[in-house]
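Annotated features, as they stand in Swiss-Prot:
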SIGNAL    1-20  signal peptide
DOMAIN    24-75  domain 'SMB'
DISULFID  CYS28-CYS36  disulfide bond
DISULFID  CYS28-CYS52  disulfide bond
DISULFID  CYS36-CYS70  disulfide bond
DISULFID  CYS50-CYS63  disulfide bond
DISULFID  CYS50-CYS52  disulfide bond
DISULFID  CYS56-CYS62  disulfide bond
DISULFID  CYS63-CYS70  disulfide bond
DOMAIN    74-127  domain 'TSP type-1'
CARBOHYD  ASN227  N-linked glycosylation site
Amino acid sequence: MRTLWMALCVLARLWPGALAGCADAGRCCPGRDPACFASGWRQDRVYGTCFCDQACRLTGDCCFDYARACPARPCIVGEWSPWSGCASQCRPTARVRRRAVQQEPQNGGEPCPALEERAGCLEYATPQGEDCGHAFVPAFITTSAFNKERTRQAASPHWTTSTEDAGYCMEFKTESLTHHCALENRPLTRWMQYLREGYTVCVDCQPPAMNSVSLRCSGDGLDSDGNQTLHWQAIGNPRCQGTWKKVRRVEQCSCPAVHSFIFI
């Protein structure tokens, strides 16, 4: 039987008209389509009605040439667009970036990945250019990885070269947090999963989160004696929030990457 099957395959290559299949019928159909069939040899070596729809891989009744006539093609997407600006000024909100589909998946090819990503952000200037955003009492934080992309002078025209590097690091010991942090699994908010009660975390204060006059970050707890309970909130999911207490101020953060954050 195997010899017969190999002979049929060779015959199909040398004399395509000898065997009907998906190519001869001009059929390649997505999903399950009972009307997408031809007459010829099937891949299970049975002659008769064979199918050229995507579901035939599961049912085992594909035409012998399905893989060649209907190759799987993966979804292809373009590059990410630049990040948008914050949706609004002077309060925690979100920015977004998108990418477009250049080729839809075909014949069971790899499906398209996410076409949109959102990340938390906070604008520190009104449309009129007035300073804002520093009046928030809680400390708004995000992962320190975001600091690599943040443009330090974007929010305020008052920054000078001498104040650009006036940053500092605050160490806190987390006291409590909501269960919503552990539920985050989106690519840009997955860092919230690593927030834990009782751990010491580092939060970097750098422009533009740093006020250009006071050289302080809102919610830094610098005036706390260490016994005061302070509040924090994760940018990107307002339900991920909690409390911590100040440990100390240091010049450079030295916490592990998963416990390193920045003020926003």
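Backbone N, Cα and C define each Cβ position, glycine as well.
Values in this document were obtained by computation on a predicted structure and should not be read as measured data.
Features as recorded by Swiss-Prot, highlighted on the structure.
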{"residue": "CYS28", "record": "disulfide bond", "Cβ neighbours (10 Å)": "17"}
{"residue": "CYS36", "record": "disulfide bond", "Cβ neighbours (10 Å)": "20"}
{"residue": "CYS50", "record": "disulfide bond", "Cβ neighbours (10 Å)": "25"}
{"residue": "CYS52", "record": "disulfide bond", "Cβ neighbours (10 Å)": "24"}
{"residue": "CYS56", "record": "disulfide bond", "Cβ neighbours (10 Å)": "24"}
{"residue": "CYS62", "record": "disulfide bond", "Cβ neighbours (10 Å)": "24"}
{"residue": "CYS63", "record": "disulfide bond", "Cβ neighbours (10 Å)": "29"}
{"residue": "CYS70", "record": "disulfide bond", "Cβ neighbours (10 Å)": "25"}
{"residue": "ASN227", "record": "N-linked glycosylation site", "Cβ neighbours (10 Å)": "7"}
Considering only the disulfide-bonded residues CYS28, CYS50, CYS56, CYS63, which residue has the minimal Cα-Cα separation from the residue listed as 'N-linked glycosylation site'?
-> CYS56
How many Å lie between the Cα of CYS50 (disulfide bond) and the Cα of CYS28 (disulfide bond)?
-> 12
CYS63 (disulfide bond) versus disulfide-bonded residues CYS28, CYS36, CYS52, CYS56, CYS70 - nearest by Cα | CYS52
What DSSP reports for the domain 'TSP type-1' (74-127) is 0 helix, 21 strand, 33 coil
Rounded Cα-Cα span from CYS52 (disulfide bond) to CYS70 (disulfide bond), Å = 8
